[in-house]
Amino acid sequence: QIFNQHNAEALNLEQAFHRMAQTEPNLDHDLSWFLLPSYWAKMVVALISFLCFANSYDGDFVFDDSEAIINNKDLRAETPLSDLWYHDFWGSKLSSNTSHKSYRPLTVLTFRINYLLAGGFYPVGFHVINIILHCTISVLMIDVFSILLGGLQFSNKGRRLNLAPKSSLLAALLFAVHPVHTECVAGIVGRADLLCALFFLLSFLGYCKAFRENKEGHTFSMFWVLVSVILGAIAMLCKEQGITILGLNAVFDALVINKINILEVIQKLLHKDKSLENAGLLRKGLLFRITLLMSGGASILYIRWRIMGTGPPAFTEVDNPASFADSLFVRAINYNYYYSLNAWLLLCPWWLCFDWSMGCIPLIKSVSDWRIIALAALWFCLIGLICQALCSEDSHKRRILTLGLGFLIIPFLPASNLFFRVGFVIAERVIYLPSIGYCILFTYGFSLLSKQAKKKRILAVAVLGILLINVMRCALRSSQWRSEEQLFRSALSVCPLNAKVHYNVGKNLADKGNQSAAIKYYREAVRLNPKYVHAMNNLGNILKERNELHEAEELLSLAVQIQPDFAAAWMNLGIVQNSLRRFEEAEQSYWTAIKHRKKYPDCYYNLGRLYADLNRHIDALNAWRNATVLKPEHSLAWNNMIILLDNTGNLAQAEAVGREALELIPNDHSLMFSLANVLGKSQKYKESEALFLKAIKANPNAASYHGNLAVLYHRWGNLDLAKKHYEVSLKLDPMAPGTKENYNLLRRKLEQLQKKGG
């Protein structure tokens, strides 16, 4: 055989598994692949899995990371730990109508630990943990695949034997380098899938330990079965898919431990044969263990249901259009098309996208659609594999194919739309666990080809080529996940019909100040999805800033017409109407926004500005006070209160508000400046001077800061210092209003003083 490293340990290992596997064909026998000692195999897998995703370690927070991490209050120390158990993955209360019901408290807990250890939102630590988790999972896969492909056998000393070292190494490498895993590893929110997979595998390995014969001669250990159930519960607390391991443990028990022939059992059930015990259903405590697994699973689901409530998550048609189709036929045919696309991503993970919603995959509405071929191909392959898994006379083949299909299908069921509507069309992250089944089937197919092939070297080189291509694809895709700009732009060629892709590219450009380019992408997003209210809102905002008020008003009016509870669009519409001097309409829009979002400090701030323009000073102060109550660090609201009170001659009240604001936001130089102005007018020159100097130290290039300090010195009689700061102010801004006139007055006064002195 080729590529074998014939050292003494490897030979002993090969001899050992040949002795143990004399009763059934061994998958490794005809496999042209490396044979490495266990620790070397694990080192190789760990190293290669690290190399695939290492370049993502210093990436930014991208896409969903903002909502799940940066904007998630559950990560901050001031949030009680107990809140994690009553909030969803995004930090919203599970009881809220807007909650997605994604209950993953243990994942959020790891984010919180990351945040506290790093002392803030520094993405490196988050990325490093994700990479380590994937490497650990890939290494564990060697043990898992050795059981799934080689069977479960123990030595006389109770040590589990790896009866398929070559096959398990190949399968683990296939898993480690699969490009579809990039989203889970390079995207920080993918940690939910990684943690779920880790405890998923530990639950499976724990269940396998239950069958290591103990000193008392018992056939299984109740302790390890219970540990497996607990680990399954932990997996589910990391992500919902984790619960499926209990079903897979039951399948493994039936097929591997009890060696049940499923077709034989079905035939006996159909013929009401009473000899089911001979078929293995009641042997070795199978029914008792399955009852334990089912009871554990039911208890876990019940507790989760009690915590999250009965209400389904709120998804929209753009998230998953097929699930909103009226026709059962359209729903069924599109769900199956989605399954075929998931299968294709496993087979050929070249076209990868961060988001597959919003028109990326148009609905199939008729059997004349050519895409029906993909469904037919999927079910042709699945039915063929199922027939072989059930009907083959080779028990070894039946076991591997059934386990492969089980690990491919069962972990995917929560994302299949069969039991409940999900909030996506395709999500690469949910294929992380099902890819285990794909690796089993690929490895088994490769072993069959190796058995038939005359030139095994060519076949082995081809598989090495696939692994190498996947490593390069992982590295490329990881680099795309390093920044939002690269990630969003990479999706344009994969999903050009996806309005969300164009929206995200536009948003990224707008955040960088490139409004002209952002407008182009926002317009395309609205063209692709004429009901895309978020794109309308953002486009309306940019047009408002460019003083294209009438088109901005049209877009924002349409947005609130499509989604009447869209508070942000109502507020922005109010700002535009205010600019158009339609004050009554603007006021109505602001109050509508507040009706739909009770705690909306920015809207109260803008409402205050409207009232100030209308000289409704009391209403303006009340609105700004509401903004600061809801958001104590709202600097603009505090500043406007100080300035309005100052301008209306309420210096004592302005001073009190300014001091209150600086206690809450002590390093805000604009508040220092506003309060310094008030103190100067109140002839508290020394304190005013100190605040001006502190503000200038924080923002030395603000011409108004130097100009107003010069005015203070001018009043105070410190004319030389006044002259100095007037000159600095004019140097920074030669057109500063009033400064030149004040400077000229000061110069004339200095000249007069010099003449008198002369």
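Cβ atoms here come from the backbone N, Cα and C positions, even for glycine.
Note that the coordinates shown come from a computational prediction; the quantities given were computed from them, not determined experimentally.
Going by TrEMBL, these are the annotated features:
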type: DOMAIN; residues: 311-383; note: domain 'DUF1736'
type: REPEAT; residues: 499-532; note: repeat 'TPR'
type: REPEAT; residues: 533-566; note: repeat 'TPR'
type: REPEAT; residues: 601-634; note: repeat 'TPR'
type: REPEAT; residues: 703-736; note: repeat 'TPR'
type: TRANSMEM; residues: 39-57; note: transmembrane segment
type: TRANSMEM; residues: 131-151; note: transmembrane segment
type: TRANSMEM; residues: 188-208; note: transmembrane segment
type: TRANSMEM; residues: 220-237; note: transmembrane segment
type: TRANSMEM; residues: 243-266; note: transmembrane segment
type: TRANSMEM; residues: 286-305; note: transmembrane segment
type: TRANSMEM; residues: 372-391; note: transmembrane segment
type: TRANSMEM; residues: 403-424; note: transmembrane segment
type: TRANSMEM; residues: 430-449; note: transmembrane segment
type: TRANSMEM; residues: 458-476; note: transmembrane segment
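Only pairs six or more apart in sequence are counted, and the transmembrane segment (403-424) with the transmembrane segment (286-305) gives fewer than three Cβ pairs under 8 Å, not enough to call it a contact. Sequence-distant neighbours of the transmembrane segment (430-449) (same chain, 6+ residues past either end, Cβ-Cβ under 8 Å): 27-28, 30-31, 141, 144-145, 148-149, 167, 170-172, 174-175, 178, 180-181, 184, 190, 193-194, 196-197, 200, 241, 244, 342, 345-347, 385, 397, 400-401, 403-409, 411-412, 414-415, 459, 463. At the 8 Å Cβ cutoff, the transmembrane segment (220-237) and the transmembrane segment (131-151) share fewer than 3 close pairs (sequence separation 6 or more) and do not count as touching. Only sequence-distant pairs (6 or more apart) were considered; of these, at least three Cβ pairs between the transmembrane segment (458-476) and the transmembrane segment (39-57) are under 8 A, so the stretches are in contact. Note on the domain 'DUF1736' (311-383): DSSP counts are 36 helix, 0 strand, 37 coil.
Over the repeat 'TPR' (533-566) the predicted model carries a mean pLDDT of 95.
Same-chain residues lying 6+ beyond the ends of the transmembrane segment (131-151) with a Cβ under 8 Å from its Cβ atoms: 17, 21, 24, 26-28, 38, 41-42, 45-46, 49-50, 53-54, 56-57, 160, 162-165, 167-169, 171-172, 175-176, 181, 184-185, 191, 194-195, 197-198, 201-202, 204-205, 208, 252, 256, 399-400, 403-404, 407, 436, 439-440, 443-444. Helix, strand and coil counts from DSSP across the repeat 'TPR' (703-736) read 28 helix, 0 strand, 6 coil.
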